[in-house]
Amino acid sequence: MKKLKLHGFNNLTKSLSFCIYDICYAKTAEERDGYIAYIDELYNANRLTEILTETCSIIGANILNIARQDYEPQGASVTILVSEEPVDPKLIDQTEHPGPLPETVVAHLDKSHICVHTYPESHPEGGLCTFRADIEVSTCGVISPLKALNYLIHQLESDIVTIDYRVRGFTRDINGMKHFIDHEINSIQNFMSDDIKSLYDMVDVNVYQENIFHTKMLLKEFDLKHYMFHTRPEELTAEERKVITDLLWKEMREIYYGRNIPAV
């Protein structure tokens, strides 16, 4: 896409939001409580602040304020307000390719924010535990928050990821012509590195005329030992392993497709 000569500030708002899910099987109530405590500590407010601070570094944002909170009995949230940073638009790379992991990218941002909220949960029956983190990176300016996508997916290793990217508003060029997007994008997947693509099955649902892009990701490899909390698969019978595997796969598919799957 040809570089635009704008009249004034770039008023486009670019929002990247995604949910990441981590699934676990905990056999007993004690194990379920242990998993929730473990994941709650792993993604506490301090760690999330470190991740979001590095995200700001990747997209070149100046941090104005950080609000963070751990919650009882579990969960955490962090919100960072960021400000614009002067930049020569000619230096901004708008091409459709994976972002850094991490690498400094200068951005031009205003009225922008980055936030994350976590939601650990479990059910007393069935042994399933899930951890969900909601992340949003919203910027106004010449750079897309998609540049931070690679870093965030690597930092929050997940079984399932759902990603939404939307460009809102418009900006004017020097001739007064309105532009409703200022960079090329066919798929969010084009902003992911090859190592991420090799790990997940992915599907897109895009509404190009509305500048709305959606990608869902489901981990390809399934190894039961990675989903057991304080229990080794070899300690279980073959029948128990099959029941747990079927239970986990059903849970993951329901989250991935966003609907309940009837038992067969």
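Including glycine, each Cβ sits where the backbone N, Cα and C put it.
Sequence annotations record features per position, and here Swiss-Prot assigns active site, schiff-base intermediate with substrate to Ser112. What Swiss-Prot records for Ser112 is pyruvic acid (Ser), and it gives sequence analysis as the kind of evidence. Marked as active site, proton acceptor by Swiss-Prot: His117. The active site, proton donor annotation in Swiss-Prot covers Cys140.
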Reduced DSSP assignment, the residue listed as 'active site, proton donor': strand
CB contacts for Cys140 (active site, proton donor) [other CB atoms within 10 A, all chains]: 20
Listed in sequence order, residues with CB under 8 A of His117 (active site, proton acceptor) and six or more positions away: Gly75, Ala76, Ser77, Ala133, Asp134
Number of other Cβ atoms within 10 Å of the Cβ of the residue listed as 'active site, schiff-base intermediate with substrate' across all protein chains: 26
